[in-house]
Amino acid sequence: MAKSRSAFFCQECGYESPRWMGRCPGCGAWNTMVEEPVNPPGGRGLLTSDPGTGGPPLAIGEVETEDAQRLETGMDELDRVLGGGIVPGSFVLVGGDPGIGKSTLLLQLAAAVARQHGTVLYASGEESARQIRMRADRLGTIHPRLLVLAETNLEAIAHHAAQVAPRLLIVDSIQTVFRPDLPSAPGSVSQVRECAAQLLRVAKGQNLAIFIVGHVTKEGSLAGPRVLEHIVDTVLYFEGDRHASFRILRAVKNRFGSTNEIGIFEMRDAGLAPVGNASQLFLAERPVEVAGSVVMPAMEGTRPLLVEVQALVSASTFVTPRRTAEGIDLNRLQLIIAVLEKRVGLLLGNHDAYVKVAGGVRLAEPAIDLALAVALASSFRDQPPDPRTVVVGEVGLAGEVRAVSRIDQRIREAEKMGFDRMVLPRANLRSLSMKTDVELVGVETVMEGLEAALGR
């Protein structure tokens with residue numbers, strides 16, 4: 001009989017160590033190593049005559065493909081992020097801060113699938129059946145094909161799923177369920193790993209779509225072992241300010257669709273409502289004739305989105321000026337400041353610079369560079385830009401403005417929102433074939449971009 005052993009696992013990232021350590025080498029967290037038993041490996045060895053359950057090897061061209069119809073939920077924002085709907089047999093992980101609305105989103109999803117496609121089983125380890133019913137009454141998600149189960153034993157959940165044969169199984173959350181054959185506590189690294197592996201087998205074996213909720217750490221990353229994110233097919237993050245009304249659903253991993261799409265929802269008394277015109281939402285409270293505020297046409301996947309880039313430049317009282325960025329990479333801010341100092345002559349070395357993308361949107365595309373430069377220069381000069389002008393373009397270290405992708409969609413979105421002027425790279429202007437009523441001003445350098453947006 002194999003001797004049982006134990007190891008120490010980090011409860012933040014799942015790092016395994018044979019001995020206790022105060023600081024995890026994997027994620028750097030302190031006092032997160034917990035001792036857990038480790039199951040001994042099986043005694044049959046690697047060589048075996050067991051044929052398994054997947055069948056014999058086949059030439060890839062001989063594999064039969066089923067035209068698996070995605071389950072469209074009717075929640076357009078969610079369907080967009082998933083790639084067009086729920087894929088049968090997919091395994092989806094939904095993470096987000098406490099109270100952000102994960103359970104609300106999934107309960108509305110469960111009701112939508114129950115109305116259109118069949119039975120849905122909602123298994124919760126965090127709420128009783130009565131509490132789920134109270135929330136469903138508030139959200140208006142009562143449906144006879146929506147079944148609720150207050151259970152934490154994963155074996156029982158799998159048994160009921162086999163009996164009911166639902167189209168969708170939701171487990172809220174993976175940190176509260178457990179396998180009784182494992183001695184560790186629910187939420188531990190080994191329990192999360194093994195429960196996720198069993199749910200994966202259920203999803204693929206029964207061609208059942210499964211959504212699970214995952215808790216996040218105080219840094220915003222998913223709690224538990226990193227293998228959890230590798231096991232699932234799709235990882236969704238539900239983001240937003242708890243004190244604000246809108247939420248953003250973002251895919252960071254998706255085997256069945258793009259990871260560049262986002263879905264935008266508004267939290268109301270009756271639950272989450274999709275936001276069709278996101279640009280109008282993000283620009284609703286934009287101040288007019290204020291220095292440091294610039295509108296930029298961003299692209300989130302295939303979706304154009306007008307966002308407001310805000311900058312505040314003020315004389316520094318510190319030996320080293322402060323640089324703070326929210327919604328963009330801090331390194332990008334440092335780069336644009338260096339270009340403005342070297343190529344334009346703005347003396348920002350003794351000034352603090354604070355930059356924010358309003359509305360909580362995070363932008364990573366380089367097309368934001370020119371708008372960021374205009375916002376910084378506008379605040380530094382205390383000179384408001386034209387409120388009917390949008391700015392887009394990538395900035396190089398030589399001060400040149402480079403072309404950006406999907407300029408046609410950006411122009412259409414600006415025109416739809418009532419903007420009548422756009423400052424854009426001249427290279428995009430040369431290759432543009434569409435007709436528009438928006439005045440297009442092509443620039444080749446940052447200096448030209450500042451003159452076009454702010455004037456001399």
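Backbone N, Cα and C atoms are what each Cβ position is placed from, and that goes for glycine too.
Any TrEMBL annotation is an automated prediction that lacks curation.
What TrEMBL lists as ATP binding site is Gly96, Asp97, Pro98, Gly99, Ile100, Gly101, Lys102, Ser103. For Gly96 (ATP binding site), the count of additional Cβ atoms within 10 Å of its Cβ stands at 25 [all protein chains shown]. Secondary structure from DSSP puts Gly96 (ATP binding site) in a beta strand.
Marked as domain 'RecA family profile 1' by TrEMBL: 67-216.
TrEMBL lists 352-456 with the feature region 'Lon-protease-like'.
Here TrEMBL flags 253-257 as motif 'RadA KNRFG motif'. Same-chain residues lying 6+ beyond the ends of the motif 'RadA KNRFG motif' (253-257) with a Cβ under 8 Å from its Cβ atoms: 81-84, 87, 90, 229, 232-235.
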(Q) Can you give me the same-chain residues 6 or more apart in sequence from Ser103 (ATP binding site) with a CB-CB distance under 8 Å? (A) Ser124, Glu126, Glu127, Arg135, Asp172, Val213
(Q) Is it possible to list how many residues within the motif 'RadA KNRFG motif' (253-257) are helical, extended or coil according to DSSP? (A) 0 helix, 2 strand, 3 coil
**Q.** Spatial neighbours of Gly101 (ATP binding site) that are distant in sequence (at least 6 apart) but have CB under 8 A
**A.** Phe238, Gly240, Arg247, Phe265, Met267, Leu272
(Q) Counting across all protein chains present, how many other Cβ atoms fall within 10 Å of the Cβ of Asp97 (ATP binding site)? (A) 17
Q: Translate the DSSP assignment of Ser103 (ATP binding site) into the three-state scheme.
A: helix
Q: Check each residue in the chain of Ile100 (ATP binding site) that is at least six apart in sequence and keep those whose C-beta is under 8 Å from its C-beta; list them in sequence order.
A: Phe238, Glu239, Gly240, Arg242, Arg247
